[in-house]
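TrEMBL annotations:
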type: COMPBIAS; residues: 201-225; note: compositional bias 'Low complexity'
type: DOMAIN; residues: 21-169; note: domain 'MARVEL'
type: REGION; residues: 181-225; note: region 'Disordered'
type: TRANSMEM; residues: 27-50; note: transmembrane segment
type: TRANSMEM; residues: 70-92; note: transmembrane segment
type: TRANSMEM; residues: 104-126; note: transmembrane segment
type: TRANSMEM; residues: 146-166; note: transmembrane segment
Amino acid sequence: MMEEGVYGGGKAGAPFDPLTFVQRPQVILRAVTWLFSVIIFGCISSQGWTLNKEGKEECLYNGDSNACNYGVGISVIAFLASIGFIAGEYFFEQMSSVKTRKRYVMADMGFSAFWSFLYFVGFCYLTNQWSKSPERAFGTSNMQAAITFSFFSIFPWAGAAYLAFLRYKQGSDQAFAPSYEAEPNTTGGYNSYPDATDPDGGYSQPPFSGQPSQPQSGMQQQLPY
């Protein structure tokens, strides 16, 4: 069983509490990123294209199809990733391996930071193309909504990356923490010095003192004639 608190997770094998799960900051941020991704690709997909004079589909962002594809692409991936990370949060408590938790936290941190950057690029890109687009009565609100929520999406993804970084830092600190503590010597212990005396009155006479040993009483030393 894993100790409680490793990489910000609870004890492996603990019972699942749905109320506590939905109140986690990571889960709340993933729900927000999921909702914003639905709004963005929904707005662009529904009214982001129109037919030009030649009868071909044209993106409302100044006729730049790459702008529409970029907004839809990163939002669809964000939609799937948000669902995946919500599921990952559920299984995170069941991960009994420290290495598995570490890999998940690193993937969360890297992906979230990268997607926050992609949404920042998308916001700048779509805003620039929309400023060059001619005025239209069709799809204006949808295109502006996609730009607005692209900007809003920067922050929950960055927040998720920050929370993952805190988890990673916590796990690293625990990895380098000492696994044991020295117990205080309250009983006096054993003296390690060779010339220390025994307080219990043991053998105190050092060997090889240089004095010849005296014969024991009652025994006569026999000499040859």
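Heads up, the Cβ atoms here are built off N, Cα and C, so glycines get one too.
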Inset, instruction - Quickly jot the same-chain residues contacting the transmembrane segment (70-92) by Cβ under 8 Å, restricted to those at least six beyond its ends, or write none. - result: 9, 16, 21, 24, 26-27, 30-31, 33-34, 36-38, 40-41, 44-45, 48, 101, 104, 108, 111, 115, 118-119, 122, 125-126, 146, 150, 153, 157, 160
Inset, instruction - For the domain 'MARVEL' (21-169), give the DSSP counts of helix residues, strand residues and coil residues. - result: 117 helix, 6 strand, 26 coil
